[in-house]
Amino acid sequence: MSDYKSTLNLPETGFPMRGDLAKREPGMLARWTDDDLYGIIRAAKKGKKTFILHDGPPYANGSIHIGHSVNKILKDIIVKSKGLAGFDSPYVPGWDCHGLPIELKVEQEYGKPGEKFTAAEFRAKCREYAATQVDGQRKDFIRLGVLGDWSHPYLTMDFKTEANIIRALGKIIGNGHLHKGAKPVHWCVDCRSALAEAEVEYYDKTSPSIDVAFHAADQDAVKAKFGVSSVNGPISLVIWTTTPWTLPANRAISLAPDFDYALVQIDGQALILAKDLVESVMQRLGAADYTILGTVKGAELELLRFTHPFMDFDVPAILGDHVTLDAGTGAVHTAPGHGPDDYVIGQKYGLETANPVGPDGAYLPGTYPTLDGVNVFKANDIVVALLREKGALLHVEKLQHSYPCCWRHKTPIIFRATPQWFVSMDQKGLREQSLKEIKGVQWIPDWGQARIESMVANRPDWCISRQRTWGVPMSLFVHKDTEELHPRAIELMEEVAKRVEVDGIQAWWDLDPKEILGDDADQYVKVPDTLDVWFDSGSTHASVVDVRPEFAGHAADMYLEGSDQHRGWFMSSLMISTAMKGKAPYRQVLTHGFTVDGQGRKMSKSIGNTVSPQDVMNKLGADILRLWVASTDYTGEMAVSDEILKRAADSYRRIRNTARFLLANLNGFDPVKDMVKPEEMVVLDRWAVGCAKAAQDDILKAYEAYDFHEVVQRLMRFCSVEMGSFYLDIIKDRQYTAKADSVARRSCQSALYHIAEALVRWMAPIMSFTADEIWGYLPGDREKYVFTGEWYEGLFGLGETEAMNDAYWDELLKVRGEVNKVIEQARADKKVGGSLEAAVTLYAEPELAAKLTALGDELRFVLLTSGAKVADYAEASADAQQSELLKGLKVALSKAEGEKCPRCWHYTTDVGKVAEHAEICGRCVSNIAGDGEKRKFA
């Protein structure tokens, strides 16, 4: 028997079947670095329209986690897809380098500033530590396949950036948004510093819940308001609180002007509380017998005075919109030094903003004899005992509730009035302008707009000062006596900024005021405060984007971070940009959800359900991690587990196998010499290119809309359905058995070439390593990297007016599916071993029959059978099976006639008819020794 294997055009490629990504990717990365791939892309894109995704800086502390990976991969997908869409999209990664977490790490090793090291040496240690953290994180980000200017990232501790942060504050001061005041701010007694809203987390805490009686200073005045002539015992206004320690700072009791308040007689005393809460309060107090003596609106009780239960003064009843009926008594204990609502209402009524608590959380001397020097969280029991002793405690119980805590220490925090510097939301219309700017931004998902609007509408003034060592100095001088800013404050800040640009923030601490103040140095002192780190990152639109040459003065198009950043970076950036420039710093804001495990639980080391990106890359490769990110809907929680990553790896294999099939069958194809013009191609090949064109239209729209999971789904559908289960199956016969240089085969290769050129680009933003690998195996001259080009423009499709248009082939797909069902049943019944052992008769209604007949003898190639006939539906044989999908079709199957050709595996009656090739069929003889078969349709 002759061996005809050498006469076949068998697929051949060096592109490996197995990705082996964990081993192969590092070598590709080394090549990208050696070649300066990022620089090559920038050069190729120079002069194109820009798209700037400004990197929100991660904090330079600790290893990257799965959330970091999601964030950086999403950014990289966007930057790469924008590049392919014809944009110049530079990506400058950044790091947030100042602040308390770094201070705490350095303290743990070296002690607090002033112990073993001077403050200057301590700052140097902080800078060193941050630099090492940046290096560690950078390696992992690069390993993810993220392309960017990793050699020149921006760091908030770069001298120039530090200087520009000071300049940003100067601009805000110049625009009139800064003010100083003693305001209640989130205060961590462990940090001994004010906290930003974004540094506050909420945890459950058990606190005493108490009802306290404030006796009326003038009982007759109260009785007159309620229209009663006598009561049994003293009259008291009842407040409810879960923070007894704040009672020394009480300066008023707030009522709602429109609520009804009742005067309730119980045994031996009369109590004032909201009428709607009387029943619940009486149950709490255990008062079964009570009488409502009268009711009045809260507004009627305004400015009546009540005696503080243990301090030696009276406090007024005042009116506020913050009073609710959700819990308590409808009368709110008001301490302007310990709460933002209390402060606002206190300002309205001219109340003292009392703060009896020191920075360490202990009461200051002179607060109250039994409280002086006591930590506030240990004082609750003392205050409760004091109230009981004074006869003012009506009820006490334990209550578990959500309580604000420091995100670093996980310990409860307090509101504490301290002298701080604030960016005012209202004194120059910052709130109003910010809300206006929000409407001009595209929020993705769109619910982000309502979220940040609500936050801006309700947020307090932004406390930007901190009492820390490692941070950008506020660089202000204030008068020794009046504490007013120096009249040349902005000019002086520029002088400081110039010095910081040369020597870093230490230049401020080393500065002798006389050097820039001259004679004024005797009257003015340096403000020791540093800036909130959210000011550092929030001003990068000015300190980085506005000054980096690659951004060429363009504002950022997009900010992209986790959904917690509405109150973090998105907020601080919006506040600073609007205060500086009157406009938002971004055009689009995209947020992604948090990562959870396969059961939807939050990632936690204690549960043991964390997924390490380093482990995933070392085991499966970065492209699998990237494919998981892209295939997950980032608008909600993003579930990840070993099983979910295994599914991503399965999807990857399907895509890789498709690419390998394309490359293997392009063996020997030169696009310059062998390309077949569209009009001369086999119709099925043109259809396949049209499928790629339709897929590309969908994929490009999905990239444009940042719907990456849609990109992956469409890519998978193309590989699995249109290619894998139809086209690639059909063309194997023609590709392998036709004459190597025939139009029939070159037409097929031309289609595969067009498809591969498009496919590799669709993959590039997501599976970057694999796309780069494929690119190296594609035939023809090309740029060195797929990332420097644009979406493939060589695709085309069938004309709608053609007889064999897309609709025609869609129907053929259905027919083939119905034929496959019959063949599968015959295989199960052992009637045939494979589809080429079968011949089918298609009994079809006239319209469908005409479509099938149009293919002539090539119908069998579409159906992957050795024989195929078309007959009248009405003449269907008894064994013909009715199609469930196509009512006008019945399919009958029989064993194919003739012998199996060992070369093409088709069964045919002309095997051995040519003496020189007595073992093979006539078609194969023609393809080996003759002119070769002609294909027109399939």
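Glycine residues also receive a Cβ, built from the backbone N, Cα and C atoms like all the rest.
Not measured: the values here are computed from a predicted model.
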Residues flagged as motif ''KMSKS' region' in Swiss-Prot, choosing from 602-606, 612-616, 827-831: 602-606
Of 3-13, 58-68, 102-112, the range Swiss-Prot labels motif ''HIGH' region': 58-68
Most crowded position, judged by CB atoms within 10 A, among Cys901, Cys904, Cys921 as binding-site residues: Cys921
Cβ-Cβ under 8 Å with the motif ''HIGH' region' (58-68): same-chain residues at least 6 beyond its ends: 95-97, 99, 101-102, 105, 130-131, 133-134, 136-137, 140-141, 155, 562, 594-595, 603, 610-614, 640
By Cα-Cα distance, the member of binding-site residues Glu561, Cys901, Cys921, Cys924 nearest Lys605 (ATP binding site): Glu561
Length of the line joining the Cα atoms of Glu561 (L-isoleucyl-5'-AMP binding site) and Cys921 (Zn(2+) binding site), in Å: 64
Overall pLDDT of the motif ''HIGH' region' (58-68), taken as the mean: 93
Counts of helix, strand and coil residues, the motif ''KMSKS' region' (602-606), according to DSSP: 0 helix, 1 strand, 4 coil
Neighbours of Cys901, Cys904, Cys921, Cys924 excl. site residues, C-beta within 8 Å of centre, Zn(2+): Thr737, Pro902, Arg903, Trp905, His906, Thr908, Val911, Ile920, Gly922, Arg923, Val925
Other CB atoms within 10 A, centred on Glu561 (L-isoleucyl-5'-AMP binding site): 20
